[in-house]
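Per TrEMBL, signal peptide is recorded for 1-16. Under the heading domain 'CFEM', TrEMBL lists 41-107. Annotated compositional bias 'Basic and acidic residues' per TrEMBL: 121-134, in sequence order. Positions annotated as region 'Disordered' by TrEMBL: 121-152.
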Amino acid sequence: MKLSIVIGLFAILAHADSVFGEDAARGGKKGHKDKEVKEVKLKKIPHCSLECLNNAMAKAGCGATDYACGCANFAGLKKKAAGCVLKKCGIHTARRKVLPAVKALCKNQKMIEQKIEEEYKRKKQMSEQKKLAESTELAEATPLPEADEGEE
């Protein structure tokens, strides 16, 4: 059961690739740092489990880097990869190395997802405030039509 959790967590954490890429492409220091952290944590996942995890992703109908899909199919990934990981890595490595490495990646992934969500909400709020300010300025700048004195 713990091995299944590891496999699912790996898929979730691996989803960080797209997130890290976007941050790094924008030149953000956090994106670069997050990418380095992720790469270090990915290197801690035993090599013996990688083929199993990739095959499980493919069998679940997910592309090799489509981690959002892998996360959505967590239960299926657990079933598809568990036997392979046990066979290739052994129970000791699966429990003591694969599982902790994937858990560490998962923790990192959750923090990154929270940061992204917070940034999205902040930018959306700023955009709405800007639109409101622009519409208020437009209303204040638009003169009201003058009424003719002779009309009543």
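In case you wondered, yes, glycine gets a Cβ from its N, Cα and C as well.
Worth saying up front: this structure is predicted, and the values here are computed from it rather than measured.
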Go ahead and report the DSSP secondary structure tallies for the compositional bias 'Basic and acidic residues' (121-134): helix first, then strand, then coil.
14 helix, 0 strand, 0 coil
What mean pLDDT score does the domain 'CFEM' (41-107) have in the model?
79
